[in-house]
Every structure is written in C-alpha cells, then in structure tokens.
Amino acid sequence: MQAILDSFRGKSKYIFFSTVLFAAGAVLGYAVFWQNPKVILSNLDRILGNILKISDAVENANKLYVLGLIFQNNLRALLVMVFGGVAFGLVPLFAVLFNGFVVGLILALNFYSGQSLSFFLAALLPHGILELPAILVGAAFGFKIGFELFSPRGKTRFEALKENLKEGVLALGILIPVLFLAALIEAVITPLIARSFL
C-alpha cells in the first residue's frame, strides 16, 4: 500500500498542468458552441458519441449494464491518459483537452436547451467529484512519462520510462477503485439528483 501512495509523490506540477489544460478545453468548448450552435447540434452524435450512448442507457437500461458501460468507458480513458504518455505526452494532452472541450460544450448545450446551472451541476458533480480528479491525476502520470522521455534527469530514457510506467501501474491501485465508485454513483445516484432539478 505504501508503494502505491509513494507513486503519487512529485506529481503536483503535472496535476496542475492537466487541470489547467482541462479548464482551457472547457472554455474552448463553451466558446465554440456559441460561435455556431446549429453546426454543433448537427454534429452532436459524432462529437459526443459515447456520452450520448451512456445517457440513453441511463434512461432505458438496467443499472448493472449502465454501471458496466460507464466503468468500461472511464477505465479506457484512464489507461489512455496514463500509458498514452509514452507518445511523449501527446496522447494525454489531446485527451485532456478534448474532455474539457466536451464538458464546456455540454454546459453551453445545457443553457441552450433552457436548463439551469443547478441542473448541470447536479448532473455532473455527484460522480464528477471523483471521476474528474481520477482522470486528471491519471493524465499527470502520462505527462510525467512524456516529459521525462524528453528530459530523463540523470537517467537513461529507458530507465525513466521503466520507473514511470511502474509508478503508473501502482497508481491504478487507487485510481481504478475511485473510478468504479464514480461509475456506481453515476449509474444509480446522479440520475436521481439530476431529475430533482428538472
């Protein structure tokens, strides 16, 4: 357990970077929607893809199926964030930016549809308060992998990569259970809270 906790040391600047990048993506997504809402709406299926599939499942499928669908989607995103860092950090960079973009887009769509900020927060925060930090921390591991491929700091690139990949694997011991709990909340609790704000 101590080894898992130790894997999170020295990641603060990478977590900060992933958080700023996500926020920038959210601002961009919000702004892009209002530039031309009709174009965005006509391409919504392509942009939101899995999110619309999950949203439809939440309304129509049994909770166990929804839980599995959400967890599978989030686990895939987490693994891409962490291990995509081997591509010199470019994969988590674009993934974080895109995820932020989608959140900004959904916020704009929420207002466009006449919904309140309270409804948006009720539909996002119950599970997002766990899911988002887990994904951004996962991205931080990916950014560290990528950065230290450029600048391995007194080690060979292979040594730095091996050490950082080991840390990433250890971190999954905490991040995966957090994502599972977030998926459980999103499947069962979030819909109930969100409906109360309609």
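Cβ coordinates are placed from backbone N, Cα and C, and glycine is handled just like the others.
Summarising the annotation, TrEMBL assigns transmembrane segment to 14-33, 77-107, 119-147, 168-194.
Nonlocal intrachain contacts for the transmembrane segment (77-107), taken as residues 6+ away from its ends with a CB within less than 8 angstroms of a stretch CB, comprise 18, 21-33, 40, 47-48, 51, 120, 124, 134-136, 138-139, 141-147, 149-150, 161, 164-165, 168, 171-172, 175-176, 179. Same-chain residues lying 6+ beyond the ends of the transmembrane segment (14-33) with a Cβ under 8 Å from its Cβ atoms: 40, 92-93, 96-109, 112, 132, 136-137, 139-141, 143-144, 147.
For the transmembrane segment (168-194), same-chain residues at least 6 beyond its ends with a Cβ under 8 Å from one of its own Cβ atoms are 3-8, 58-59, 63, 66-67, 70-71, 74-75, 78, 82-83, 85, 119, 122-123, 126-128, 130-131, 133-135, 137-138, 141-142, 145.
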